[in-house]
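Annotated features, as they stand in TrEMBL:
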DOMAIN    A:26-135  domain 'PurM-like N-terminal'
BINDING   A:D28, A:T43, A:D73  Mg(2+) 4 binding site
BINDING   A:D28, A:D73, A:D209  Mg(2+) 3 binding site
BINDING   A:T44, A:D45, A:D120  Mg(2+) 1 binding site
BINDING   A:D45, A:D73  Mg(2+) 2 binding site
BINDING   A:H52, A:D260, A:F317  substrate binding site
BINDING   A:G119, A:D120, A:R144, A:S211  ATP binding site
DOMAIN    A:148-297  domain 'PurM-like C-terminal'
BINDING   A:D212  Mg(2+) 5 binding site
Number of protein chains: 2
Amino acid sequence: MKEFDLIGRYFAGGGHQRKDVLVGIGDDCAVTTVAENQHLAITTDTLVGGIHFFESAPAKSVAYKAVAVNLSDLAAMGAEPAWISLSLSLPKIDENWLADFAEGLYELTRYYSVQLIGGDTVHGPMAMTITAQGFIPPENALKRSTAKPGDWIYVTGTLGDAGAGLGILSGEIETTAQNRDYLVNRHYFPTPRVAVGTALRRTASSCIDISDGLLADLGHILKASGCGATVHVDRLPLSRQLTECLGEGKAREFALTAGDDYELAFTVNEEQRGHLETSLSSTNVKATCIGQITGHSGKLELKLEDAPYPMPSKSGFEHEF
Amino acid sequence: MKEFDLIGRYFAGGGHQRKDVLVGIGDDCAVTTVAENQHLAITTDTLVGGIHFFESAPAKSVAYKAVAVNLSDLAAMGAEPAWISLSLSLPKIDENWLADFAEGLYELTRYYSVQLIGGDTVHGPMAMTITAQGFIPPENALKRSTAKPGDWIYVTGTLGDAGAGLGILSGEIETTAQNRDYLVNRHYFPTPRVAVGTALRRTASSCIDISDGLLADLGHILKASGCGATVHVDRLPLSRQLTECLGEGKAREFALTAGDDYELAFTVNEEQRGHLETSLSSTNVKATCIGQITGHSGKLELKLEDAPYPMPSKSGFEHEF
């Protein structure tokens, strides 16, 4: 057995076993079945040590995040997660690190009934690529390109927390121990909004997950849909911890521009708006209306109590489509 | 647009367009359909610069190989390739390199009617992970675990060429310009045996692709099937170029132990043996019988004209299961 085949032992079996996995880890390919009335959603995300996470970060959080960002993409499409493949590149074998990594991975896959169906383990710089797959009924995919002028813009949870958590970890932000715990956890262990994504299938007109920051990601919806938007910064959902830590002005800036929250941003037309509360009632996740889609293609206006509000300098929003 | 989003422009559209891809590159996920009477085969392989390929290797060959090794895994399962996702990590943006890389990738995906459906481009060490997916009719998957004593062992093409190509590139092996071209090409541009894999669906009793060397990979079949094997080294298919370059003895050693050929090793029972020629007639690929599966679990015997032949020291074969 080669040194790096050893890594595979930490993932042998794949954790949660699904009936739709006919061949799991250990052959040239996994073999699975897809139900007749389902389409398949597929996404891939890579995290590189030193770029997407601190190499000193707890291994459990690294694995958790690597899975979460992929499940978040499935959620943003309205898909129900099913299987993941993991490619793990490591400079050396540290058995404690691997045990913690496997624990973080399986914590999330167990919760969402996802099976690890295969992958690759190689010697190289610390990095991991996960491909995640899930199911969507035909015509239910939540695309970026289908927002319409007049649709209301919503976001789940609170924004900016993960960015503040990163600032705390890198020593740029100081706060109380309690706020630190909350914000750093939001950075290390983002919650993929899987239940919200599937609940929105027939209600939302478009959807994206917030990985690069609200303005950047809302910009993707506007670009794909050929629309503009007005966002009211006084309606941005902020956690008490973020506001205590940064003050209201800076908290709003983080909510607009900081990445890694993995909340969903979605649009709902006037007719469906009345169904939204019912759709989300089973999810225990709050969604907040923060603005409205406009017909001004490529224009994103910020407002504070109906007065213009300046665009943060590093908004990540592309004005020129 | 971020610097690394630029990379995505080289892959925009995904090349060959398939009708079963409903949403391609550019949303949170791809969305695809799987026909009712098909199972899905899924595989992931990672290549790291400096470990799996020379960073100075032609970008076209790097892309070609990254796709080929994944299609080879599908072939070894008997699957027909359909879609790939690409995660590409690069230390810097070199537009010429990217254009060549895209050319190598699309050359192979066009040939096999495979669509690039998404992926990720990140700043990091040079590395790439491809996840490939394909279709197999139910009950047709070619597993490693289903070889039986008495089955005949076959390999496609010729063995050891890619290993010699690597030796030439690293300066350890010298040969004529013509042999060099042939062997280095076998290293840079391995041919995934896709047509053979699908042709073997009802004929082979087990199958694997030769990535780590014949003995190591045949060992995986033996381990999974709980069998042993006898391999006749005088029956190993060797290219004229390899024998000219290394001499017969060393050529046999390379055929037994060198990796990266991406030929298929498979087993066929006595009853199906008569159908093999017919099954492979449309593929233009020659398969050579090199030995037989035995009931001696974990035992792999080499023979030369029926006399015992010593196991090469770096065989990659695991004696202890």
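Residue numbers in this text run from 1 along the chain shown.
In case you wondered, yes, glycine gets a Cβ from its N, Cα and C as well.
Known features from TrEMBL, placed on the structure.
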{"residue": "A:D28", "record": "Mg(2+) 4 binding site", "DSSP (3 states)": "coil"}
{"residue": "A:D45", "record": "Mg(2+) 1 binding site", "DSSP (3 states)": "strand"}
{"residue": "A:H52", "record": "substrate binding site", "DSSP (3 states)": "coil"}
{"residue": "A:D73", "record": "Mg(2+) 4 binding site", "DSSP (3 states)": "helix"}
{"residue": "A:G119", "record": "ATP binding site", "DSSP (3 states)": "strand"}
{"residue": "A:D209", "record": "Mg(2+) 3 binding site", "DSSP (3 states)": "strand"}
{"residue": "A:D260", "record": "substrate binding site", "DSSP (3 states)": "coil"}
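Taking every protein chain shown into account, A:T43, A:T44, A:S211 are the binding-site residues, and of these the Cβ with the most other Cβ atoms within 10 Å belongs to A:T43. The two recorded residues, A:G119 (ATP binding site) and A:T43 (Mg(2+) 4 binding site), show a Cα separation of 15 Å. Applying DSSP to the domain 'PurM-like C-terminal' (A:148-297) sorts its residues as follows: 70 helix, 27 strand, 53 coil.
Summed and averaged per residue, pLDDT over the domain 'PurM-like N-terminal' (A:26-135) gives 96. Contact annotation for chain B: of the listed binding-site residues (A:D73, A:S211, A:D260), A:D73 place their CB atoms under 8 A from a CB atom of that chain.
Once Cβ contacts within 10 Å are tallied over all protein chains shown, the binding-site residues A:H52, A:R144 are led by A:R144. In the three-state DSSP classification, A:R144 (ATP binding site) falls within coil.
Highest Cβ count within 10 Å among the binding-site residues A:D212, A:D260: A:D260. Around the Cβ of A:D45 (Mg(2+) 1 binding site), the same chain contributes A:A66, A:V69, A:N70, A:D73, A:T129, A:I130, each under 8 angstroms and 6 or more positions distant in sequence.
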